[in-house]
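Database features, via Swiss-Prot:
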DOMAIN    124-218  domain 'Rhodanese'
ACT_SITE  Cys178  active site, cysteine persulfide intermediate
Amino acid sequence: MNERIAILSAYSFVNIIEPANLIPKFLLIGKKKYIRGTILLANEGFNCSFSGSYENVNLVLKQLIELTGSKDVNVKINYSSVHPFQKLKVRLKKEIIAMNVKDLNIEVFKGDYIEPKDWDEFITKQNVIVIDTRNEYEIDIGTFKSAINPRTETFKQFPAWVQQNQALLQGKKIAMFCTGGIRCEKSTSLLKSIGYNEVYHLKGGILQYLEDTHNKNNLWQGKCFVFDDRRAIMDDLSPAEGYWLHR
């Protein structure tokens, strides 16, 4: 019988003074706790996804919270029969999710969360436009019905798309979504900072939506791209056939 592997994804925007100093600590902790995956550290916070036993992934998360001083962490856990990562990587980055917009104050400019249970009703209202903030290769295999595809190759291209599509956005309620929520923290903050008032995002992203709602209204169509060896999951969160790497 295969061991049940926990996959923990978490992010937090928190001021880390010397993030480079944490790299050897988490490499050591991860090795001791048999953790595989990726931990990204930057002055603006941390973004991670790693796998191991349920007890060990939570112990590593606890260390992340304690050593960074974070008080607001977005966390998701799901499960697999095998590790979806090959090894542990701890990296220093300029941004924990790269959008390349200077001086974006996520604490001051925040979009409003829409809970997964309320998402279907909200996005089918009049005067609401739905934007998929992910990249085109992700959107190609699955997205929400009627969602706008900005056709970006990287998230750094999203601000330019916003500038080029102001006529589309003006006067609308703007609902955005991404895989796990972190890109929407920045995309909604960007829109709020340049004057859009009614800006919303799916709390916990697609992954939390699928877990909570089971896609009961079939508004999600296709598969969800994920950044690990599974590469894609179905709407019941099981790995999609034919996408696994390194099997």
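Glycine too: its Cβ is placed from the backbone N, Cα and C atoms.
Keep in mind it's a predicted model, so treat the numbers as computed, not measured.
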Summarise the domain 'Rhodanese' (124-218) as counts of helix, strand and coil residues per DSSP.
39 helix, 18 strand, 38 coil
Tell me which residues of the chain lie with their Cβ under 8 angstroms from that of Cys178 (active site, cysteine persulfide intermediate), as long as they are six or more apart in sequence?
Asp132, Thr133, Arg134, Cys184, Ser187, His201, Leu202, Gly205, Ile206
